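Shown next, in structure tokens, is the structure this report addresses.
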Amino acid sequence: MSFTPGKQSSSRASSGNRSGNGILKWADQSDQSRNVQTRGRRAQPKQTATSQQPSGGNVVPYYSWFSGITQFQKGKEFEFAEGQGVPIAPGVPATEAKGYWYRHNRRSFKTADGNQRQLLPRWYFYYLGTGPHAKDQYGTDIDGVFWVASNQADVNTPADILDRDPSSDEAIPTRFPPGTVLPQGYYIEGSGRSAPNSRSTSRASSRASSAGSRSRADSGNRTPTSGVTPDMADQIASLVLAKLGKDATKPQQVTKQTAKEIRQKILNKPRQKRSPNKQCTVQQCFGKRGPNQNFGGGEMLKLGTSDPQFPILAELAPTAGAFFFGSRLELAKVQNLSGNLDEPQKDVYELRYNGAIRFDSTLSGFETIMKVLNENLNAYQQQDGMMNMSPKPQRQRGQKNGQGENDNISVAAPKSRVQQNKSRELTAEDISLLKKMDEPYTEDTSEI
């Protein structure tokens, strides 16, 4: 008994695209017994991954049952935790949930400015015993292959799964069981780039690779590989950015003027909608740290959500549903302190909430989360304590810098008592000289 993902189990002999000798015929391979010509054009199925290209022949594709996972951040490893990583497929039991993710190295292309851009790879899932590594045993160390299996699967035997026929079977949008931790820096095709940050079931209700949406090419003037490729959207986006004078690979330079505009734009939002960053710090958005706002310290106060440690904390943030339905809410009217006295006063309310976020040591990244929390919870108390222990000396009004600070510092002695400006008592010799100075002057007339 063989299983078909997305369908009820069926026999291998039921495949309508197989010849009598049991060899699978791909849609782009020549088959004289079938007429696929329509108005001079030939239908071509979408390729999901390719194997090696034989000399003198077309690229033979291996069709995955699922949509791909694309990397969008360099330097991120593709990996799943043990027991995770096998996509959900109706009709496939847990005992057959085993296989591998295959890295498809996409080609580079030339942008409008003449530079070569290498597209980041895309990964596709194949059941054990199928795809480009059908003959390899589970767990074999192969570059570009990551093995995954459920806890109920026997990895010593191939999965009893039919190969996908793109002419009759559409690709299934990739999604995982609840609790699956997706690789960071990757997104599921069609699910948006927020998918890697979600620890719950991936929301990949997206476009599926469909045999009905076939790329058309002129049979007389074009080769079979000249249709629309999965990389064309990235190429078009890069060409548009190049025409606009922007480079998608280079970060935009932030000037003082743009930083001021960004900060003002953030501050114009309601307080609960602000996201502090490098241009608008935590203190500018929410005020100084204290007993009521006791989170943040060091670099996180400067960088806000731009801090490299913040994304792992965002995993703990509640959803809107959890906020409203999992918290104790209280509505209170407060005094309006904004606006001028001559302006009409507005009624101001506060929706106060009290709740908790519960997690345990099995949470992915638990040690890092605890480290970041311990460094930032009540960090203002440590900063205030350091300021009280070593206060900056205050200079008195009218006193020059350095005056009165070091009274015991020895200096060079003056050259004379006059420079010292010190008084002393007169000696007998001094008094005698003063008396002589007071006597009238008489000319000496004695002769020699």
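The backbone N, Cα and C atoms fix where each Cβ goes, glycine too.
ARG164 (RNA binding site) falls outside any helix or strand according to DSSP and counts as coil. The C-beta environment of ARG164 (RNA binding site), restricted to residues of the same chain at least 6 apart in sequence and closer than 8 Å, consists of PRO5, TYR63, SER64, TRP65, ALA171. Summarising the annotation, Swiss-Prot assigns RNA binding site to ARG106, ARG122, ARG164.
What Swiss-Prot records for 9-22 (among others) is compositional bias 'Low complexity'.
If you look up Swiss-Prot, you'll see 29-38 (among others) marked as compositional bias 'Polar residues'.
Annotated compositional bias 'Polar residues' per Swiss-Prot: 45-55 (among others), in sequence order.
Here Swiss-Prot flags 193-214 (among others) as compositional bias 'Low complexity'.
Residues or ranges marked as compositional bias 'Basic residues' in Swiss-Prot: 266-276.
According to Swiss-Prot, the compositional bias 'Polar residues' annotation covers 399-409 (among others).
If you look up Swiss-Prot, you'll see 422-439 marked as compositional bias 'Basic and acidic residues'.
Across the domain 'CoV N CTD' (259-384), the DSSP tally of helix, strand and coil residues reads 53 helix, 16 strand, 57 coil. The domain 'CoV N CTD' annotation in Swiss-Prot covers 259-384 and is backed by sequence analysis.
Annotation comment: Swiss-Prot describes THR174 (among others) as phosphothreonine, evidence class sequence analysis. Within 10 Å of the C-beta of THR174 (phosphothreonine) there are 27 other C-beta atoms, taking all protein chains into account.
The local packing around THR427 (phosphothreonine), expressed as other Cβ atoms within 10 Å of its Cβ over all shown chains, amounts to 9. Per Swiss-Prot, phosphothreonine is recorded for THR427 (among others).
The annotation region 'Disordered' is assigned in Swiss-Prot to 1-55 (among others).
The region 'RNA-binding' annotation in Swiss-Prot covers 52-194 and is backed by sequence analysis.
Residues or ranges marked as region 'Disordered' in Swiss-Prot: 157-231 (among others).
The region 'Disordered' annotation in Swiss-Prot covers 266-298 (among others).
According to Swiss-Prot, the feature region 'Disordered' maps to 385-448 (among others).
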By DSSP assignment, list the helix, strand and coil residue numbers for the region 'RNA-binding' (52-194), in that order. 6 helix, 34 strand, 103 coil
State the Cα to Cα distance, in Å, between THR427 (phosphothreonine) and THR174 (phosphothreonine), rounded to an integer. 111
Could you find out if DSSP has THR427 (phosphothreonine) as helix, strand or coil? coil
Here the binding-site residues are ARG106, ARG122; the one whose Cβ sees the most other Cβ atoms within 10 Å is ARG122
Please give the maximum pairwise Cα distance, in Å and rounded to a whole number, for the RNA-binding set ARG106, ARG122, ARG164. 22
